[in-house]
Amino acid sequence: MPLSFPATAADFGFAADPSPQQTTPAGLPLSFAAAPSGPFAVWTDGSCSPNPGPGGWAAILQAADGQTHSLSGAEPGATTNNRMELRAVIAALEALPQSSSLNVTVHTDSQYVQRGMTEWVAAWVRKGWHTGKGKPVENRDLWQALLAAAARHEVEWAWVRGHAEDAMNARVDALANAAREQGRSVQTGVTL
């Protein structure tokens, strides 16, 4: 069962997110959810160790005015890094204001996600969710959920090199790893 945590950037040594008094059902500050339609940037990451094993995911959403909000969650049972990467993007896109189509740039260090959305998914759909080799597409449930979440917005998919110079990628990586470890502690009963 997926778990979500109230982890914030401040928990990991980064600038704190504003503390909202009122939030949307997705947990976003009302001021963030009411942000203008102009562009949003999203950074996502998934973590799994071992792979397969317990996993965590995280996303950082940034509005055009610079406001940021982070989301994270975990699956304490056996999952994979690819499932966690997908879960992060789905959660981010579903958390954005849904009142109108938004311009969103998703920054991911997962070529599986980036290439999946820009190169592979159209062919998978045409082939009844089978690969070019005729095998069923792995993680079909999450790919379908991602397509539905992405269809609400105009999404650009940007690949960033993991563990490199992108500060937001480093921040979201730390959040995903922390979520994974918190999920692992729930599974084993160990408190971190």
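Heads up, the Cβ atoms here are built off N, Cα and C, so glycines get one too.
Bear in mind that the values here come from a model prediction, so they are computed numbers and not experimental data.
Look at TrEMBL and you will find 36-181 tagged as domain 'RNase H type-1'. Annotation comment: TrEMBL describes ASP45, GLU85, ASP109 as Mg(2+) 1 binding site. Taken from TrEMBL, the feature Mg(2+) 2 binding site covers ASP45, ASP173.
Each of the binding-site residues ASP45, GLU85, ASP109, ASP173 was scored by the number of other CB atoms within 10 Å of its CB, and the largest score is that of ASP45. Rounded to a whole value, the Cα-Cα separation of ASP173 (Mg(2+) 2 binding site) and ASP109 (Mg(2+) 1 binding site) is 10 Å. Neighbours of the Mg(2+) 1 site: apart from ASP45, GLU85, ASP109, residues of the same chain with C-beta atoms within 8 angstroms of the site's C-beta centroid are THR44, GLY46, SER47, MET84, ALA88, THR108, SER110, VAL113, GLY162, ASN169, VAL172, ASP173, ALA176.
Each residue of the domain 'RNase H type-1' (36-181) gets a DSSP state, and the totals for helix, strand and coil are 58 helix, 45 strand, 43 coil.
Confidence across the domain 'RNase H type-1' (36-181), taken as the mean pLDDT and rounded to a whole number, stands at 94.
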